[in-house]
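One structure below.
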Amino acid sequence: MSEQPLPGTQVCRHGRGLFVAFEGGDGSGKSTQSGLLAAWLREQGAEVLHTREPGGTALGTALRELVLHGADGSVSPRAEALIFAADRAHHVATLVRPALEGGNVVITDRFLDSSVAYQGAARRLGHDDVRQLSVWAVEGLVPDLTVLLDVPTGEGRARRGEVHDRLEREADDFHDRVRGTFLELAAREPDRYLVLDGTLPPEELAASVRARVGALLGSTA
């Protein structure tokens, strides 16, 4: 599918770049779609930072290994939430915010809504407490657009196949709470969220994402 080059790809929104987050349960296709968007934007001439949480920095990689693949697998829920918040604080301060201030497009595979869904809801630590922690960690930074790829829990499990980390190994009711919370968050902020049926073909999903991002970038011209 061909598109015209985007107008205004180097123009800052509100004095900064464009911030896009991809959210969804494990196996929803976030990594695939965020990568496709990053590649397309680069083809259009945009400066793009494509990153992920946890693991977007050297510190984040170490924290990711600790919390997801720790030797004994025994990270308490509150410690888990704090580790993810620490990773996010460092990630935003050292990578995300500087890129946005430079007028770049930042695409992240997961951001603070993942903590609300996984630690706040699925770990039952409380939506509000975890969100407040995350917002404090990033000094109030919120994505311009959050793309939610929604897939049923069973579909996500089938796509994951052999599981590799602590969160992926959780029972279906855990992942049901994650999915339900993402949908609740999207319903509360419809202007920020683009909710897509993650079972659709990848190219169809990518086209929907391109259309929304293209409109956001075009509005800055």
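Cβ coordinates come from backbone N, Cα and C, glycine included.
Automatic prediction, not curation, is the source of TrEMBL annotations.
As annotated by TrEMBL, domain 'Thymidylate kinase-like' applies to 22-207.
In three-state terms derived from DSSP, Gly29 (ATP binding site) belongs to neither a helical nor a strand segment and is classed as coil. In sequence order, Leu149, Val151, Arg159, Gly198, Pro202, Leu205 are the residues near Gly29 (ATP binding site), counting only same-chain partners six or more apart with C-beta under 8 A. Marked as ATP binding site by TrEMBL: Gly24, Gly25, Asp26, Gly27, Ser28, Gly29, Lys30, Ser31.
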Densest Cβ environment (other Cβ within 10 Å) across the binding-site residues Gly24, Gly25, Gly27 belongs to Gly25
Same chain, 6+ residues apart, C-beta under 8 Å of the C-beta of Ser28 (ATP binding site), given in sequence order:
Leu149, Asp150, Val151, Gly156, Gly198
Using the recorded ATP site (Gly24, Gly25, Asp26, Gly27, Ser28, Gly29, Lys30, Ser31) as reference, state which further residues of the same chain have their Cβ within 8 Å of the centre of those residues' Cβ atoms, listed in sequence order.
Leu149, Val151, Gly156, Arg159, Gly198
